[in-house]
Amino acid sequence: MKEPDDQDTSDGGRSGSRNEGKLAHKSILKSSQDTTADSYTDGEESYLGDDLDLDDMDESSHSSQEYVQAPAPSQEPPVEVKEEPEADVKKVLSETFYYDYPELVSIPYVSSEERIPLYFLTLNHSFGYDCRKRANLQLLDSNTLLYVAGNQMVLLDFKDKTQIYLQSSSGQGIGAIGVHPKKTYFAVAEKGSFPKIIIYEYPSLKPYRILRDGAEKAYAYVDFNNEGNLLASVGCHPDYTITIWGWKEEQPILRTKAFSQDVFKVTFNPDNDEQLTTSGSGHIKFWEMAFTFTGLKLQGSLGRFGKTSTSDIEGYAELPDGKVLSGSEWGNLLLWEGSLIKVELCRTGMKSCHSGSINQIMLDEGEVITAGSDGSVRIWDFETIDTADVIDDTGLLEIEPINELHIDKSVNLFSMIKMNEVGNNFWLAQDANGAIWKLDLSFSNITQDPECLFSFHSGPIAALAVSPLTYLMATTAMDCSVRVYDFSSKNPLVHMKFKQGGTSLIWAPRSVSVSASQIVVGFQDGVVRVLELFDPKGLTVYAGRKKIPDAELHLKYVFKPHTDEVTALAYERDGDILATGSEDKTVFFFDVEKEYKPIGFFNTPGPICQLMWSPASHPEKTLLIICENGYILESLCPTIKDVDDQNVITFAIPNVFLRCFHFTSVKSKILRFLEVQRREQQKMLKEKEKLERRMKLAEEREAFGEEEIPEEETSEEGEEEEPPLPEIFMPPTPSPILCGFYSEPGKFWVSLGNYDAGFLYHCQFPSYLHNSDFQKQENEPFDFRVLENTEDNPIRNITFSNDQTMMFCGMTNGAIRVYVLSENDPFLVSLQHYWHFNVHDNNYGSIKSITSSFDDQYLLTAGEDGNIFVFDIFSEFIVPKGIKAKVPSPRFGIESEAAPEDIEDPKAYSIENARKKREHDKLMKKVEELKAHKREQIKILRNEFWKLLELNKELPAHMQFQRTDFNIDAKIHAEIHKKTSLKIEQVEKELAWEKQKHELGLKKLQDRFREPLESDTIVVYATQSDHQIASYRLVKPSKYSKLKRPSQSERRQSKMERLEKEGPGKKESQRDTGGSISLQEESVLEKGKKFRPRTLSEIMVENQIEKTKKLIQQAERAQFKILQRKKEWEELYKSKPDDDYEDPKDVQAIKEAQTYMGDFNLKTAPDYKIPEHMRINAAKKEEELGYLDTMAHGKKRYMNKCILSLRDLKLAVIEEIQCLVQELKNIQSSIPASKHMPIPQVPQIYPEEVPERRFQYDEETLLRFQRKQKKRQDKSSSKQSGTGSGGSAGGGLVGFLKLSSGKEGDLTTRDSLSRSSKASALLELPKPVEFEKAEPSDAELEIMKRDEVKHLYMQQFLCNRINELTVTFDAELHLLRHQKLKLDTKMKLSDLHHLTLFQEMLLLKNFEKQENILQERVNSLDKEEQDMQWKINETLKEMEEKKNEITKLQDQEKALYAGFQAALGENNKFANFLMKVLKKKIKRAKKKEVEGDADEDEESEESSEEESSLESDEDASGSEDDVFDDSICPTNCDVSLFELALQLREKRLDIEEALVEEKKIVDNLKKEYDTISKKVKVVATNLNAAEEALEAYQREKQQRLNELLVVIPLKLHQIEYMEFGEVPEDLSGTLVFSNHSLDRLQERIVQLQEENAKQQKLNKECRERRKLLIREKREMAKTISKMEETVRELMISKFGRVIDLEALQTLSVNTTLEELKIKKLRKELSNAKELRMWEEKIAQVRWDLMMKTKEHTKKLHQMNDLCLEKKKLDSRLNTLQNQQGNAFQGLRKADIVAKQKVTELVQTQLEKITALKEEIELLRKKGGLLLPPITPKPKNEMKPMDT
């Protein structure tokens, strides 16, 4: 990144805004501080020079070079650059400097300008619009639009619809455009390798500035800041670089990578140029220009979606306060604050703001405008959005738009821009579905409807065709439209919409339509439509109208030959046959003359991409079929036969003549062949050079006359190894064939893509082989033509001019290439020179169609980028342009023709499939007829068989045939049964899914409608009356009904309750934690000591310690007992109430009694205070509601059980009556008819009494239901099949229910019959026996009379029994009915109460949130008050403890002085001195405690500066004259007293320091107490205010509850409010008082009377008790005084004086003495140990002494011997000397010195021995004082003696 070093002086004066000033200042600071490679240094060239080199290398514009070297004459020279020594040099551009447009833009490439002019094609007009390109609609002024069309920018005047074109400079496309805020400049960001951004001035359209090196491949978006001095750009893949430009200086200011995925947009914040925003694929990022220590940087913060789903963000807007409002894919608005989503905005009901993505968001005049893919523009309130915030966990906030404009459901708004028209609020909108709209967003009563200014194709253009007669062209695309244009007059004429997208198109030749009015279009669903174009002005229908369209399209024919998209259409050269090709691998032929009657089709080995009939020069009519997968077929023209369609079974053409060429890749062979040729040419050149060199050498030899010249070594180059030839390569996937054309009969040229691109291949069909397999066939082309620069850019389409001298090629990258050919050159020998120019977009603008006009004056192209271009072809003849094309006149009678029925269903049958379906239906019809005939025959045979069976039954038994005799063959029956079972299994398998589906459906219905029911309505009828009783229809209680919210249902405890529950021991455990921890640590240490081995001394010491501990513990227990007793006395005295003490509870009770005495406070009273236990909330009310429902449900369930029991009783009664009636019938058969009593009618069961049987069914019921349903469906029409089936289902259900009830009746009858038979069997009735008639005897007559009497009695008994059963049942029913009526009344009251409770619950829920807030505040303040009160109590306790400690320390200090005074005794003359020593103040170093705090560090620093640990100071009480020295004990002063004074002084200082510390702690505690007390008062005030607020809110809630209407039924005797003895009409002023409350008040009177008598009795008893206690107190006082006197006498008798018994009890041991004893014991043990050690050392030293003595003795003996020998030698020597002369006399000096040394050594050793003996003696004594050994220093070290 390169940054400017200084600012342009011309611009610097004009920039006055705050942001620009900041930016310039930061840039200067950056340039002055940054020394990285991005900034300029001395001697480094500016990037302009580098760019010039690159431009020169790329053969691009030379304007920059001219700018550096010499300016053009038309340009003003740039401002001269002042060169300063040792300073950076920077080019400064003048404001009047412009680049040269002709030298800047890209120009066509011409291989040879001699044959082809440079401007062979000139852009005439653009009919397309890349509507899916982001921000591809800009407004330059009120009439001019700017948008990108391929490699051009189009300036469109939408008033007169003229166009101006600006060509790109790179020739590789344009990425983005942006307009200056002042509309004086616009930026064009291009594509290519390191593309440029060119700033054009408007309206002059001069290139003003060029920005370089901002992206690697292409730009995605550019945007000017609000002031227009900065430009932001963002690149596409792969770098995604965001750059901030100072565009007037052509300098990049900041640069960084924006993101790692596609970035859609970058914009400046309109209110702050230092903030930017980018958005793109799955992200949004917020940028800020920050000044860091390394300079000005661009820092980005990536937006975090959090819980929100990640979304691609197309549109956003920066709000003035720094927030950003963005859209989302699902249509909601996201409000960003910082880098987080603050809130997600949606519409009411959780509906999205737009149905689809939001593509643009704008701020305009305090409103937010959003445009979405749903075709709607919505206006939102800015303040609502700016202040939006989340209200719940969903993160959503519901808002509604202020205004809304819905354009159309087929509109997809991609971007919008406002028109600057005064007084209007017009906007231009880019529709991604192919339109530019003008919208009026004023939303007033004169608002205009949306106006479509321009309409285009949306997306890639699929096909283009031109009229063979005039300047008309037709296009189609996947946007389901067909459009016709007049490209000569530059006007779109007409367009027509369909349901499916168009994929191919052809204009019918004049041989088909003389007026060239027919257009054939193929669609993606396989349909082919023939459209007729005509001029409607010639119709009589439009006669007299003013606005008549220029052209109309009429659907003439429609047919569907294919099942997939139609990819190719071709008319035979005579126009007799139309051929269609498709992706479904079929070619279909139609007879054009017979209204496109289908001829037939055949299959191909691959999807078809092109069809071409042989030209007229070929002898035969053949069709060239090019498939995508490498197959090229040739078919003869099919013969047209007059065959009736009804007789044709299939349209497949049999025995079709096909020749196939299966293309095999030969590119690697061609490359190998070309390489071989190149090497051969190189060899030939080398040989030629060798020959020339030899000839030259021969000439030189002749010139010099030399005979032989050595030959040059020329074989070096030949000996070099050549690289290997390219390998033969076959691509794994065959290369697709893109296009092709005939050259000669049986020969053709093809262009391929992928690997085989770069050549045109000349191929020839092999000879025809019948039944050959195309898959196994492999063919290679026999010739090829090399195409320059098409390795990665193959030819997509090829067309020729009418005279075949120009070949127009449409390239894959959107370029046009024109080859100039010779006449009659089918082999393309002259394919060398060409004209090449990029027109469409290089990335996605592949040319789909290219064709010339009928007279070769125009060339038309259509690309996948949605652009349609018309070019003027260079011609030597001047042809008039702009002539309006003639639209064909309408045919006669066209207006009266009925339009054919269109095929709109994409799943409709194709022609072949429809024919197959028809044949299949015919076949199935014949099969069904045959089956019906067979069934009729079988039916006849079956009837005959049944007749035979009937005849067989009529025969006698012995003559009848058995059923098995009719079986002809058992195997046949077994086989039939087997097949039947297999068929059943198969059917079950086939219907398993349906079965499970219906079972699940039934289960779901039952779960939905029957499962929730606990009991259905059961109606029980009486038998002898019309009375009936119905049960309740109950739903099962929900499992969630009993749940409650414990946090809300719990009532806040009152203060009294809390105080009672807490008790005195609250938080005491917090105190004891430290002690418990320390005890635990001590126990751990003690456990650790057990593992160490103990010595005897340790055991003795521990025993002594244990004894002392026991004594101390005994004394501590006594002391603890005394203290406990004192504490109990203190508590007892503290609990003693004062004489005027009153119990607070009694006071409160008396106060409440006085307040509410004689007053029953109503809830409607304004001062009504709700007690805490009566406060209600939503949860409690919900519990009441649940309890009421439970109670009502329980009562209803109990009543249902009773009714069900009654129903069961009726069933039992009916069963018994049926048995009795059957028995009655049997009895009446035995008595005369005259004595028959009428048989009682048996009660019947109604369907309402057994509703559960409605859902019981059997197979017969289901079959009947199916038959009924089928009949109803047959009767209903096909259009009303849905409603009809529903109605039939309902009717069937009713019939099914009726059938079910009938079946139940049968079952009941059957059951009754069975029961009657059982009853008769039990009664053992005599069966009638048939006898022959005879005269009865007298005995028989007597028996008959007796039986008759018996039967008559039984008849009467049975009738009575039946009557009794019915009457009893009816009585039970009446009784239960009466109970149910009462329960119904209660249930109605319950429902009314339920309604009231529900209303109260809803009201309480509204109050719940605020109440919870107030309650939470009260609870928090209450808890805070309790905590502070506890802190106060704790502080008071600590203060009391510290005061006790201070008192103890003061007592210790007094005791210290008293003890020292006693030690001094009387008349001690050093008393004053010693007292001064004791009282002297000394500065001591502060002791570092183990458990230090934060202040110890400072104390340690201060103590480290002290010179010594003790430093004397003067006594404060004395004067300066009283200075004395306390370091030396005075003469005659007792040393022990002096030492005691020093020790006690240390103790005094310790006590004083402790006192100071304790007083500091007390002061701190007082301060803390005061602070907390103040806080308690504040909290108490706040608590009272909060409780009052809560109480007021409770009153408000109660008042709102009182406003609810409650229904209370009253009887007249309950009304006691009478006026003149009558009930008044208006009862609004009455009070409804419950009996329960009234009874309670009356009971309260009795209770109070009883309580009064009880209290009087208790008062009397308390007075008697008080008198008794006073008497006992006097007696106890006398007893205590007697006991005190006895104790005093005992003390005097035992101790001689009165002593302190407590001190005596606590006196156990003298701890100091015991400690000294333990120290003494330890010292003795250590001394004994040390004594043993010294004894061992003495023994060792004695041994060493003895050894040394022996050695010394030995040495002395040696010395003695040596001395004797020396003496002898001396005497001999003396003798010799005396003989020689007496020169020397006496001993030598050396001998004297040696002798003295030996003597001293002996003396020293003797002294050591004496000292050691004394020390040994001393150590042997017990109490001897051990002194250091005497080691006398030797004066001189012993030197070795000379021998």
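Including glycine, each Cβ sits where the backbone N, Cα and C put it.
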Name the residue range among 1212-1267, 1548-1603, 1772-1827 that Swiss-Prot annotates as coiled coil. 1548-1603
Name the residue range among 301-335, 896-930, 1631-1665 that Swiss-Prot annotates as coiled coil. 1631-1665
Looking only at the repeat 'WD 1' (214-255), mean pLDDT returns 94
The repeat 'WD 7' (561-600) - residue tally per DSSP class, helix then strand then coil: 0 helix, 22 strand, 18 coil
Give the residue counts of the repeat 'WD 5' (456-495) per reduced DSSP state, in the order helix, strand, coil. 0 helix, 23 strand, 17 coil
Flag the pair the repeat 'WD 9' (842-881) / the repeat 'WD 3' (308-346) as in contact if three or more Cβ pairs fall under 8 Å (sequence separation 6 or more). no
In terms of Cβ proximity under 8 Å, which residues at least six beyond the ends of the repeat 'WD 5' (456-495) contact it? 124-125, 127-129, 131-132, 161, 431-435, 501-507, 509-510, 515-516, 519, 521, 524, 531, 533, 549-553, 848-854, 858, 860-868, 870, 881-888
What is the number of residues in the repeat 'WD 4' (353-390) that are helix, strand and coil, as DSSP sees it? 5 helix, 19 strand, 14 coil
Residues of the repeat 'WD 2' (258-297) by DSSP state, where helix covers H, G and I: 0 helix, 29 strand, 11 coil
